[in-house]
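Accompanying notes for the structure given below.
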Amino acid sequence: SRTVEVDPSSGTVWPKPQVLKTSARQYIIDSSTFKFRLASEVSKCDIVAEALKRYRQLFFLPDCPRQRCQPDVDSWNSPPAETLTQLEIHMTTCEVQPHLNMDERYIIQLSASQPDARLVANTTWGILRGLETFSQLIRTVNDTHFLISATYIEDFPRFPHRGLLIDSSRHFLPLRTIVQTLDAMAYNKMNVLHWHIVDDPSFPYVSSRFPAMSEKGAYDPRTHVYSPKDVRYVIQEAALRGIRVIAEFDTPGHTQSWGKAYPSLLTTCYDGGRPTGTYGPIDPSRKENYVFLQRFFQEAAQVFPDKYIHLGGDEVSFDCWRSNPNITAFMKQQGMEGNYNQLEQFYVQKVVNLVETLQKSYFVWQEVFDNGVQLAEESIIHVWKEPHKEEMWQVTSQGFRVLLSSCWYLDYISYGADWKKYYLCDPQGFHGSPQQNSLVMGGEACIWGEYVDATNLISRTWPRASAVAERLWSPASASDVGEATPRFKNLRCLMLKRGLTPEPQEGPGFCPCDYVVKHP
């Protein structure tokens, strides 16, 4: 009789669980008879119901779409004696909106003494994470039969904020590509989509209150925009995967596209006492601008349900402000003559104050903290510059919460297996006190859009972002690149099998399904 070969690297889990114990005992799963058995509280939870539909398919993918290798189960040399027929699912609380402090803890018990499998979690989000782990434990034998080893897992994330920044202004990203990104994030247990939705080049966000902004500011107001319905769809698809959507509306810089519809928002640049016809950042001297921003953020606060919004605040060029005589006069009147950092501080202070009146908390890029703006206690500082360890130390020493992105700019591509350097960057690596470490919320991988659109977003981001995902989920002690490498390779093959196009990161090699890849 013939030995059935099962890929030995499959059945590994990424990101690495906090506690994982496996046994040599294996069970057969027959996809035609396998069931989910739901405790009563689980059966009423819509997000879990949708997840079970998705994972029913993901549990039992054949190795490849066109591969039809079906060895007879009866001809196995040492067939496992028993069949696992169901996964019992228990949950305490059904939550519908993911949030910063959501409980993602779960336990998987797959007994070595009898074919009995349980997934237990306190909330919806733990069930989602546990289903993803269970799906990775299953190994394919043929189209209908699968193997799973007896396993015990206790798991929870090291950090509550494990994000990915996407940029839909420099290049427009169609909804299908954003949903593929959400899928990839769910496979890696990431839980925040930071949507850098507008910037200098284009304004694709359709504001119901200010529709002219996308009509004038989008690359194409018919095709390259996100309608209110589109935005709701992204938020809903993200929530189904336990992912928060945090929108970023970056001001006062990075706002050229805002000025297409409302040029008076921006600062008129001067040269030799005359307007040049170009514009700079938002004009902080005009009271009308703050009225506009109040109304704009009031709408955004209703459109995006998360408690947090990202207010940007990075890379403000002072050249145009310096050239403008009205701003010079305003600064003199305010007693800040010649101090443009103080002018920026004046503007950002106004914006954070008005956002606080909308019952929203906020993220800001590190420059806002560096410039001494008075920030609310629950605000989170987003560190993106180097040297990041010093900045992380400074922010936490002043009692603020912090996110790291400095070492995870995925758009800075380099030759070779650069995932390893992402894997070894630790957000708590700045030698802070226990109190400082407790203020580290996690971090985000960033895939900025200068050279990224729907053709390469998935392949350039993944599996490199997976290294960040494990760093933010798994225990700090999981830092052995050698141990991680086979699991990392297997994760890429799994994502390929699930229909995504993650690029090769480990030099020559193959995945069983790479010959039938479907391009985006």
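All positions are counted from 1 along the displayed chain.
Yeah, the Cβs are placed from backbone N, Cα and C, and that goes for glycine too.
Please treat TrEMBL annotations as automatic predictions, because they have not gone through curation.
Positions annotated as active site, proton donor by TrEMBL: Glu315. When secondary structure is read from DSSP and collapsed to three states, Glu315 (active site, proton donor) falls in the coil class. Of all Cβ atoms in the protein chains displayed, 12 besides its own lie within 10 Å of the Cβ of Glu315 (active site, proton donor).
Among the features that TrEMBL reports, disulfide bond is placed at Cys45-Cys94 (among others). Residues near Cys45 (disulfide bond) in space but far in sequence (CB under 8 A, at least 6 apart, same chain), listed by position: Met91, Cys94, Thr124, Ile127. Secondary structure from DSSP puts Cys45 (disulfide bond) in coil.
TrEMBL lists Cys269-Cys320 (among others) with the feature disulfide bond. The number of other CB atoms found within 10 A of the CB of Cys320 (disulfide bond), across every protein chain shown, is 21.
Sequence annotations record features per position, and here TrEMBL assigns disulfide bond to Cys493-Cys511 (among others).
According to TrEMBL, the domain 'Beta-hexosaminidase eukaryotic type N-terminal' annotation covers 13-137.
According to TrEMBL, the domain 'Glycoside hydrolase family 20 catalytic' annotation covers 159-475.
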Checklist entry - recorded positions Cys269, Glu315, Cys320: which have a Cα within 10 Å of Cys511 (disulfide bond)? => result none
Checklist entry - What is the total of other Cβ atoms whose distance to the Cβ of Cys269 (disulfide bond) is within 10 Å? => result 17
Checklist entry - Quick one: DSSP breakdown of the domain 'Beta-hexosaminidase eukaryotic type N-terminal' (13-137) into helix, strand and coil? => result 35 helix, 37 strand, 53 coil
Checklist entry - If you count Cβ atoms within 10 Å of the Cβ of Cys511 (disulfide bond), leaving out that atom itself, what do you get? => result 20
Item to check | Fewest Cβ neighbours within 10 Å, where candidates are the disulfide-bonded residues Cys94, Cys493 | outcome: Cys94
Checklist entry - Which whole-number value in Å describes the distance between the Cα atoms of Glu315 (active site, proton donor) and Cys269 (disulfide bond)? => result 17
Checklist entry - Quick one: Cα separation, Cys269 (disulfide bond) versus Cys493 (disulfide bond), in Å? => result 52
Checklist entry - Does DSSP give Cys320 (disulfide bond) helix, strand or coil? => result helix
